[in-house]
Amino acid sequence: MDTRPSPLPDTEPVTGSSPVRARPAVRRFLHREPLLPADLCMPLLVRRGEAASPVPTVTLDQVGATVRELAGLGVGAVKIFAEGTRDENGGDAASAAAPLIHAIQAAKDAAPDLAVMTETCLCSYTAARVCVLTDDHGRYDHAATLNVLGEQALRQAEAGADILGPAAMVDGLTGRVRDVLDAAGYRDVALMPHLIMTSRMYDGYRAAMNAAPKGNRAAFQVHPSRPEQAVQVARRMVEEGADMILLEPALHTIDLLARLVADDQVSVPLVPFCVSGEWAQLTHSGTRLPVDYMADLIERLTMYRRSGAAAVISYSAPEAARELVQIPHPR
Ligand SMILES: NCc1[nH]cc(CCC(=O)O)c1CC(=O)O
Ligand SMILES: [Zn+2]
């Protein structure tokens, strides 16, 4: 008599003929836990008020309670963004009295064991709402940008931040922040620079934080059709001392994630950031945002092309075809 357990026990749904899928013992043996709460980070968008917003936000006096609640849930980290005071020189960026600095302190006081990450950037402080400083002629000022961001990084470390997130996407920023921290005795503060792809998916954040750029932010971000640029930037970040790299938007950089995971010049943890637009899509609160179906559609098709698709099957084919440039098919 055959005493082996049935390969497809009738208590289990028939999922296929593979023995690996069929037997509960084998499935249990091969089971991997998905992400744990400790692997999750909640973005905290700190605003002055509680006006309507397309994404969740907090005020400064809510930070402590919010962080305690997240810690209670086992969430591993928060990433703090905060509205700042704007002027031509982004002066408030390096102020020890900026809301971001107070929020870092409040978060560390509320839950010392929870990792506090920051954004190290100027787009909440510049009048033009761009991530860098410009000179009198509107040209990018590299030296001034690195100087003020170095100062800002130091304020963030002094306030207790565990992981800084250089986000201006300019060469040398990660290295500068590393040097400034080391010189001040903050060798144990980690760096997770942002690798940012130009996208419409940030609109919710920008609306919430009054940060829709008046100038050009795209110039410094990775172009969606240039994956080699992203690889170059990531390798450069590692050379400059990145301990981890943030990829945003998460969905729209999924191919780069796979590519960088396999890149032996980028052997640091890679952390996708599901940005405001992705949250809106997932929660269907997108109806509260200015929806731009065509922009989103083209962006997604670009991703498939970039990932190597020879063709794409889509119910959006008629609209996409109308939008895309007509190039005569070679005979
Ligand atoms: N410093 C750039 C920055 N900081 C936060 C976001 C977006 C985050 C989100 O959409 O959730 C961005 C990208 C941008 O606006 O260009
Ligand atoms: Zn920025």
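In case you wondered, yes, glycine gets a Cβ from its N, Cα and C as well.
All TrEMBL annotations are machine predictions without curation.
Look at TrEMBL and you will find 1-20 tagged as region 'Disordered'.
The compositional bias 'Pro residues' annotation in TrEMBL covers 1-10.
In the shown protein chains, 30 other C-beta atoms lie within 10 A of the C-beta of C131 (Zn(2+) binding site). Taken from TrEMBL, the feature Zn(2+) binding site applies to C121, C123, C131.
Annotated 5-aminolevulinate 1 binding site per TrEMBL: R206, R217, in sequence order. The Cβ of R217 (5-aminolevulinate 1 binding site) lies under 8 Å from the Cβ of C123, R129, V130, C131, T198, each on the same chain and at least six residues away in sequence.
Around the Cβ of S276 (5-aminolevulinate 2 binding site), the same chain contributes P54, V55, M201, Y202, D203, G204, Y205, A208, each under 8 angstroms and 6 or more positions distant in sequence. What TrEMBL lists as 5-aminolevulinate 2 binding site is S276, Y315.
What surrounds the Zn(2+) site, by Cβ distance within 8 Å of the Cβ centroid and not counting C121, C123, C131, is the set E119, L122, S124, T126, V130, V132, A167, A168, R217 from the same chain.
Close contacts with ligand 2, defined as a Cβ under 6 Å from any of its atoms, occur at C121, C131 among the binding-site residues C121, C131, R206, R217, Y315. Calculated from their C-alpha atoms, the gap between C121 (Zn(2+) binding site) and R206 (5-aminolevulinate 1 binding site) amounts to 14 Å. Geometry remark: Y315 (5-aminolevulinate 2 binding site) versus R206 (5-aminolevulinate 1 binding site), CA distance 30 Å.
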